[in-house]
Every structure is written in C-alpha cells, then in structure tokens.
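Notes follow the structure.
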C-alpha cells in the first residue's frame, strides 16, 4: 500500500509495475536477454510472481493540437467536388467509429442478447424472459432454472423472478419460516451451516409480491412461489445467508488513515495468499470455504491450487511462518479474463478445509443488486503490498482510505484514456499519494453501508503506485456476483 510515489532504486531493474505483483523472492538467475516485463522463475519452482502483460496507455497525456491550415473562408472544403469528398469521408469515418463503438460495447458488456432476451452462459443462447424460471430448463446448462432467487439492496430483501411478469419481486412474509429461508440461501449457493437469520422489512409501498404456496410439495423454493398483487402482512422477507460484513473496532476506523497499520479485527476478511512461504497476493473471505482474489494472480503456472496457502486472522507476515495456513483445493479464474486488458480480473479459491470464524476471521458481504455506487464514495483498501513504488512486501497489514472515481473521469485521456471497462472500478485520489501497490493484488476494496462492509472491488492493476492521475483499478465485484454464486452452487 503506497503512500506516495517512491523513487527508482539506485541499482537493479526499474520498470513500471502495472499489475501490483510482488517482487520475486528467489535468488538471481543466470543472465538472460531481458524482455521488459518477463519474469524468469527459479529452476524447478513455479514463479510466485503473477505473469501478465502490463497495461500501456495508448495516447500521450498531453492534448494533441491539430495544425491543419484552414482556407481563408474558414473551411477546408471549397469546391463542390471537395465538399462532396469531405462529406463522404466524414460519413465514412462516422460509420466506422459507430461500428467500432458497437463492437467494443458488445465485447465489454459480454452479452449478445437484445433487451428482450437473457443469455445462457453455457451456450450463449438467448432465452425469452418469460421462459426464465418457468420450471423448464431451456439453457443447456440449466442456468435459467437456478438463477431465480436473489437478495436485493443493502437490506438483503429476498426477491424471486416471476416468469409471468418477466421481473423480480419481493417475497411476502405470509406463511414464511426459517426452513424456507435456508432453502432460498441454498438455491443461491450458500450451505445450510452458513445460514445466519431472517428478518422482516416493511414494504407497504410495494404493489407486486411473490407469495408462498404451502401446498406446493417438495420442490425448489422458487417453484413454491406465485405472483400476487396483495400481501396481508404488508411485510417482505429479508435474509442473511451468512453473517458477513461485521468487524471489530468500527468506532476507531478513523485512526487507520493513509496506509497506517491495521488494527486487529478491523479487516477480518483479509487473507494473505502464499506460494512457497512467500506472500504473493491478497484475497477476501466470502464464506468459510471461498476466497475472492484476482485472476492475474492465478495465471499459469500458478493456476494449480497446490501452489497456494491462505493465511487468515494474522496481521504480520513473519507470524505466518508459525501459524497454520489453509491449503487451496480449487482455483477458478473467470472464463472471460483478458490478461492483456485485465478485463474480468477476478478468481475464486476454494479451501481444502473451511475456516473457523472468530473475531479476527470473518467474511465480507458480496454486494447485492440494487446497490448504487456514488462518485467519491468513501472506501477502504488493505493489504501487505509495498508502501512505496518498487518497495518490498510490507511486514504488517496496512489499510488506507480511498474515494471512488467515476468511470467517465477515469477514462479521460489524462487518466486512463478509455482503458476502464464496465468490469472495472477506479478508486484513489487523482493527486496521488495513496494507492495499492505491488503485493496488494487480489485484495479487497470495501465500503460501508448500513453499518455493513461490502466487497465492491478486488485489486487489479495500475500505472505505478500512488502517481498523480494514475489511480488504482479494481475488478468490479458487482458485475461478478452472479458468476460467483454460480460457482458456489456448482461446487455445493
């Protein structure tokens, strides 16, 4: 976690670290012909450094001045022939630009379906919304029948999709009990032993509900529900599928400013991910079994789970040599991750043995649909990354306060010049001074809402550390929650 831009070291290689990877802890290797970003691992051992291409800004940061001379009349095209040619060229340029924009939009948004269709992830087939959650599988992978339940907003309102209305509706409290709550959480991908509690939220303003049919028999929870315009209790169900987003010392968080050492229990979801006893990346606990990290951390050869050990609840790296780590059983990288652009930079790790939760080890909440992020929203980053550019991994866990930066501003030519996709979030300060850095990759970007901490980003990339107009870039977890739940369901 960098407090400011460090100076280049007096000796050794100096290079722009665009992915926040840690320094290579292995001894120097025989001299080879260098390439700018290539990492040469020690013989017989996998490199603990995530290997990937750096982000390169495509334009200079200074404005480009057009020096084309104009005619005395103030226009370039004077004759009829020239005017016709200019119009043709202008129209052609516009059409080409529109086609490129459409192609980029399709690429980054990742769906080929129109507004009237929903895409099957397994095949790319477009399904009519009326066929989604109708009790019949239309997608080859069956995802149209297992993505019918969700939690909405910061109050965890339980919603179920209605194929009749082609929209999501809250579940009426009438006849509801804990058993149904556990079943709904299980449908999302949580295990029964994760279940926390259910609540009731006054939602008398709603005019459309999903109500329980108690005589429906032993079927999936969404098949027990039917659409109704009335709810006798005038209350809807709120579910906590796991006790998440709670930390210690919440009243003392203002003391952790600008990258200071973290307090015990302040960031209990933070894990240190090691390869061969060396910290490589960070991660965030979302259940006793699942860790969220960055896809660039687990590029080959580090996609093999046996390389990885996770440490939770320990603030100092030196103490991890004496503590028991948790071996990783499975590594799942997002299938659409692009190692060049860092688009869809998210991955999951499943642990061989579940974590035991306590005051120092707790999960962070995944964001729910309906949660809106605001420009300059207060967030926090944490990790064992370097405290200055080109520095070494920190001994202690650090945390720092950052602000969200709106995508339009972050995509300006003076910042990242259209490198930011909908699957990314910018956070930090345009003046620099506070940022993620080498070794922070995969770690959390969190924000507090309703006294609950939410994971809204995973540390992805940047241009150097804490440089002006080069804020940190994070994977947009709000885009990936459906994918995360799908992996949890498939492995449940």
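In case you wondered, yes, glycine gets a Cβ from its N, Cα and C as well.
For the ranges 22-42, 43-63, 64-84, 85-105, the feature annotated in Swiss-Prot as transmembrane segment maps to 85-105.
The 10 Å shell around the Cβ of residue 185 (disulfide bond) contains 24 further Cβ atoms across the protein chains shown.
For the domain 'SRCR' (149-242), the model's pLDDT averages out at 89. If you check the recorded positions 139, 148, 345, 441 against residue 297 (disulfide bond), the ones with a Cα inside 10 Å of its Cα are 345, 441. Its Cβ taken as reference, residue 241 (disulfide bond) is surrounded by 27 other Cβ atoms within 10 Å in the chains shown. Reduced to three states, the DSSP call for residue 133 (disulfide bond) is coil. In the three-state DSSP scheme, residue 345 (active site, charge relay system) falls into the coil class.
With respect to their backbone Cα atoms, residue 437 (disulfide bond) and residue 185 (disulfide bond) stand 36 Å from each other. Sorting each residue of the domain 'SRCR' (149-242) by its DSSP state yields 18 helix, 36 strand, 40 coil.
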